[in-house]
Amino acid sequence: MSQWKKITIRVMRYVTLLLIVGFVALLLIYTSGSNRPFEKVEKSVEASLDKENMKRQDGTALKRNFGLNAADYDGVMYYSSEFSISSEEVLLIKAKSETQTAEISSAIEERIKTRMNDFEGYAPESVQLLEDAKKSVRGKYVFFAAAPGAEKYLEIFNNSL
Amino acid sequence: MLFSSITFLFMFLPIVMAVYYLVPNGAKNIVLLLASLFFYAWGEPVYVVLMILSIVLNYFCGRDIEANADNPKKAKLSLVFALTANILILGFFKYYGFLLDTVNSFLTTDIPYRVLPLPIGISFYTFQAISYVIDIYRKDAKPQKNILYFALYISMFPQLIAGPIVRYADIEEQLKMRKVTLRKLGQGSMYFIIGLAKKVIIANSTGAVFEEVAAMSTGSLSVLTAWVGVFSYAFQIYFDFSGYSDMAIGLGKMFGFEFKKNFDHPYVSKSATEFWRRWHISLGTWFREYVYIPLGGNRCSVSRNIFNLMVVWTLTGMWHGAAWNFVAWGVYYGVILVMEKYVWGASVEQLPKPVQHIYAGAVILVGWVFFFSPSLGYALRYLWAMIGGGSGIADAQGAFLLFTHWLLFVIAAVGSTAYGRKLLNNAVRFSANRTVRMTVGAVLYIGIFFLSVAFLVTDTFNPFLYFRF
């Protein structure tokens, strides 16, 4: 093997390792969760919510609307509209394990689908909220917002981690 | 994507098989590689990049070790670089959170940190990559010049996410040339169907029983319920993992590969030592080849051998997960294996065989308690319940679970032994007539397949335990 080829191979190892480090750094910045307690994240998100049209719901509502048991998770914060013609809602869950985040994610997708069918044809504003809804899975945290301020809520959620 | 999913069974697999069998031999590896990357990206659209980078890194590491083969010192440095990089990547994703949690808990600090989900299969493909660079360093294998073939070795979807851990030296020739025949396709399909049935019918059903027991507090468990729970888990994890391994081996055969078996009826063992020769064989082989023997194996003093065994078993425990219960599980087996080797192994061998089976069964079941427990405290409380420290000897819950699932337990117990497959083979071979045998075999296996699919469609409980490792 020529010296030139040997050097290329050696350099490629370092380049690839650097790429891996860079990739992990990007993941940490944009997709990671955190070990922050649920109460702290909840407090930040809850403080930012426009609660004029939304009311905090209990585990029964979570079960009814998403099919999820609040007791299965480390923490749940669920706000939804008091009016049946509005699709406005914000959900924050800290799962006990990362495997639970997939089931929460599916439940949210299912909820969006159902609500779209419910509002299709007679409540275009609610349909628009669902189309613009924000969902994010960061580590054990799952965040979902279908609300006029969804973008802002998501940003606050990301910053609170 | 799970093997035991409708998407895999009726979309992914048929399409990949059709394309694979239609393209010329020279293109088969490319088809399989693309299918494998798609398979992984389906579940891990982000981490597929990490796997590709890991492939490229290890490819160049292998080439670098080869380039320095004439200079042992440089070759060793190159190997150390490869091992360090692989261990750091695995360690970061798997143990970094655990490490900081431990520090926070011991020092009562609150060091904040960012967490990333564990990439599926990282423990398996990293171990394969490590086996590759070590095999090249030892000159047990030649470095793969074709990066696409090497990528296929690391990412091959049948064994990518849950093993078996295939040593590069074992598969080197097959990557270049292998026979793809209809006979192998048939054999592979049979393996796959049996694996699917083990997973979907037995593991999921026993898993559902275990979930019921696990949902109860340890203080409310009677002896009967606790034992029903631990037996259910033992069957779940065996049929889950060995089922997945059978599916992987079967898929490998369908694509012309031969993977070594990963399980050999571990529950018929008469000691913990024998159990570990029969359970997750590819992992045991990996640790023996790449950790135990390099540490000195058993060709050393007794104290050094005990040290080697404890290192290997602590690492084996940690490989299964970043939690103290896995460390305890590994140390537990380390101690038992040391004891069997140096203290009571010979005495156990003198006991009547049924007693040896009971001894091994007890050791294995206690081990599973450490394994499934979310914490060490829970494990100890569960063990306490198993000997009567919970809620009495028997209760309605335990009796209900036992009487409503006794047939499942009988099938699982028979299926855990060689008799299970023997019964199936006898059913197929009852006639001397070849046509009758083939017809019966086809009907039987197709029947098992559709029964498994029926379970898949109707059952919502379809976890896979070894994904988290």
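Every residue gets a Cβ built from N, Cα and C, even glycine.
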Which one of these stretches, B:3-21, B:440-458, shows up in TrEMBL as transmembrane segment?
B:440-458
The transmembrane segment (B:440-458) vs the transmembrane segment (B:318-338): 3 or more CB pairs under 8 Å:
no
Let me spell it out: take the transmembrane segment (B:77-96), skip the flanking residues so only those 6+ beyond its ends count, and list any with a Cβ under 8 Å from a Cβ in it.
50, 54, 57-58, 61-62, 64-65, 67-68, 113, 116, 118-119, 122-123, 126, 129-130, 133-134, 137, 318, 322
Cβ under 8 Å to the transmembrane segment (B:34-57), counting only same-chain residues 6 or more beyond its ends: which ones?
1, 12, 16, 19-20, 82, 85-86, 89, 119-122, 125-126, 129, 147, 150-152, 154-157, 160-161
Going along the chain, which residues at least six beyond the ends of the transmembrane segment (B:221-239) come within the CB cut-off of under 8 Å?
198-199, 202-204, 206-207, 209-210, 213-214, 263, 266-267, 364-365, 368-369, 371-372, 382, 385-388, 390-395, 397-399, 401-402, 405, 409, 412-413, 415-416, 465
For the transmembrane segment (B:358-380), could you work out the same-chain residues 6 or more beyond its ends whose Cβ comes under 8 Å from its Cβ atoms?
210, 214, 218, 230-231, 233-234, 237, 266-267, 269-272, 274-275, 320, 323-326, 328-329, 332-333, 336, 348, 351, 386
Non-local residues, at least 6 beyond the ends, that sit with Cβ under 8 Å of the transmembrane segment (B:189-209):
3-4, 9, 228-229, 232-233, 235-240, 242-251, 253-254, 401, 405, 408-409, 411-412, 415, 421, 424, 441, 445, 448-449, 451-452, 455-456, 459, 461-464
